[in-house]
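Data first, discussion second: the structure below is written as structure tokens.
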Amino acid sequence: MKVAVIGAAGGIGQALALLLKNRLPAGSDLALYDIAPVTPGVAADLSHIPTHVSIKGYAGEDPTPALEGADVVLISAGVARKPGMDRADLFNVNAGIVKSLAERIAVVCPNACIGIITNPVNTTVPIAAEVLKKAGVYDKRKLFGVTTLDVIRSETFVAELKGQDPGEVRVPVIGGHSGVTILPLLSQVEGVEFSDEEIAALTKRIQNAGTEVVEAKAGGGSATLSMGQAACRFGLALVKALQGEEVIEYAYVEGNGEHASFFAQPVKLGKEGVEEILPYGELSDFEKAALDGMLETLNSDIQIGVDFVK
């Protein structure tokens, strides 16, 4: 099993690589790529950790050596948010990066499962899809926007508010991966009750959690460590699924188009990627209104990505 981390010298990439070096199954290969010359050094540093995961680092303009033979590709390359920026401000730089990486993946490892972390995810995933379609290698079962951070934040914040064990809390999160498009289904959290005020405040906090970290870091970065943890959780889920385990995770995928062509929802993962898109259950009136209210934004985000590749 080979996992490639693209953008491995960045804050998310280094955190993700550290976690994967410790947690991938024994015998796995971990490839790190970044345009930054430090990347082989990141791999050298991590290679001193005593686990049965081989690691190599590659720098420069061409990600091909890292991508060759990859089963899973996790893309965190791009610029990070700074105070005053929203995820859309990242588009101008990150769209081109994701497009060029998808073009290489289409040639080098077209059968890999691809997890896109690079923001704005609502838009970068459709960009990758359009590139892969043009190359004739698109498989919607194998392209994912990683929204796991919204899930782990929701689990953490609910556990804090209600005095629960965060490892036991399960919160479905649907929609997209920015602002109002992030919709935690708090009505479905088992074993806890929320007041209307708590639901409104908690939903807003989950939607704005990225901004909370950007502002707290005061210009020194964005949510890199928690995102590394979230990406590791999703990456390991893909690895387990490819090895034959049945795994359920939330991800931003091309679905049946009921609300938008791409939508974050629960998926059953298997050896070919998405085996089944699962229903997300009944919504409360608050959640129905929030879903209706986000769709224009989400569909617009998707269209921007499609148009970028035309």
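Every residue, even glycine, has its Cβ placed from backbone N, Cα and C.
What Swiss-Prot records for Gly7, Ala8, Ala9, Gly10, Gly11, Ile12, Gly13, Asp34, Asn94, Ile117, Thr118, Asn119, Met227 is NAD(+) binding site, and it gives sequence analysis as the kind of evidence. Every protein chain shown contributes to the tally, and the Cβ of Met227 (NAD(+) binding site) ends up with 25 other Cβ atoms within 10 Å. Met227 (NAD(+) binding site) carries a helical DSSP state (H, G or I).
Note on Arg81 (substrate binding site): other Cβ atoms within 10 Å of its Cβ, all shown chains, come to 20. The substrate binding site annotation in Swiss-Prot covers Arg81, Arg87, Asn119, Arg153.
His177 (active site, proton acceptor): 29 other CB atoms within 10 A of its CB, across all protein chains. What Swiss-Prot lists as active site, proton acceptor is His177.
The binding-site residues examined here are Gly7, Gly11, Gly13; by Cβ neighbour count within 10 Å, the least packed of them is Gly11. There are 24 other Cβ atoms within 10 Å of the Cβ belonging to Arg153 (substrate binding site). The Cβ of Thr118 (NAD(+) binding site) lies under 8 Å from the Cβ of Gly7, Ile75, Ser76, Ala77, Gly78, Asn94, Ile97, Val98, Thr124, each of which sits 6+ residues away along the same chain. Neighbour counts of Cβ atoms within 10 Å were taken for the binding-site residues Asn94, Asn119; the minimum is at Asn94.
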